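Notes follow once the structure below has been shown.
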Amino acid sequence: MGSLDKDNQDICPICLDPLKEAVSTDCRHLFCRMCLTQHMDKASVSGILSCPVCRKPCSEGVLGDNYICHTHQKRVRRFCEASGHLLCEECLQSPEHQSHTELSIENAISHYKERLNRRSRKLRKDLGNLQQLKAQEKKMLQALQVDCECHRLRTDLQNQDQTKEQLKALPWHWLDQEDLPEEVAKIFSFSEAVTQLSILVSGLERMAKDLDASTLKDASDLLDRSAPQKLEGLLSRVSPAGPKLS
């Protein structure tokens, strides 16, 4: 029986699915944060907020500090895309936000989660292309190393006053040793870009997975940010659309 009770504690009584962002009411019942938020939205029409299970009174504060407007001490209901702020009903009446576009918290989370996932898929494809370019540069470096050995052989022949016919027998397209550092630098640039892009993609995927009202502004800021300049140059070689994150 104890095991059954434990299993029930991991299920939201409203959606009957495993708890997501679990929050506890004043009476200690657990719900998905979004499920309880939607319940409170409906209950606020009547002005009576109560636990969906036992009907005991509960406050909006159980949703957490991030869901309460610190200016008016009321629950936030909308996300302003222009300012990146969470707004309560009183905030929405402010002239500051009259010309702004606001989304409901639920729609904003869904909207930004889709944008984050779409961008991470695009950048993961770019990451694969960068890794291919890095592999190509490595092959070129190996070829240059062989060429340098041949270059040294050519120099030895010159030092030994060999005939022009012997020199002409060697390919003249071989590069000098001074070209090697440039190729090594290219490989380091690609390695650095692959590392940066891997971290960026992982961050986008993690943010999309854990996105909630408290991180909507972070998601908006991240999507509006451009890649570092060095990364932009390398991404432009694999992505004609450009490296902006949004």
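Placement of Cβ uses the backbone N, Cα and C atoms for every residue, glycine included.
So that you can see what the record holds, here are the features copied from Swiss-Prot:
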- 12-55: zinc finger (ZN_FING)
- 64-105: zinc finger (ZN_FING)
- Cys69, His72, Cys91, His97: Zn(2+) binding site (BINDING)
- 105-170: coiled coil (COILED)
Please identify, from the binding-site residues Cys69, Cys91, the residue with the sparsest Cβ neighbourhood, meaning fewest other Cβ atoms within 10 angstroms.
Cys69
Pull the DSSP breakdown for the zinc finger (64-105) and write it out as helix, strand, coil residue counts.
11 helix, 10 strand, 21 coil
Using a 10 Å cut-off, grab the number of neighbouring Cβ atoms around the Cβ of His72 (Zn(2+) binding site), all chains included.
13
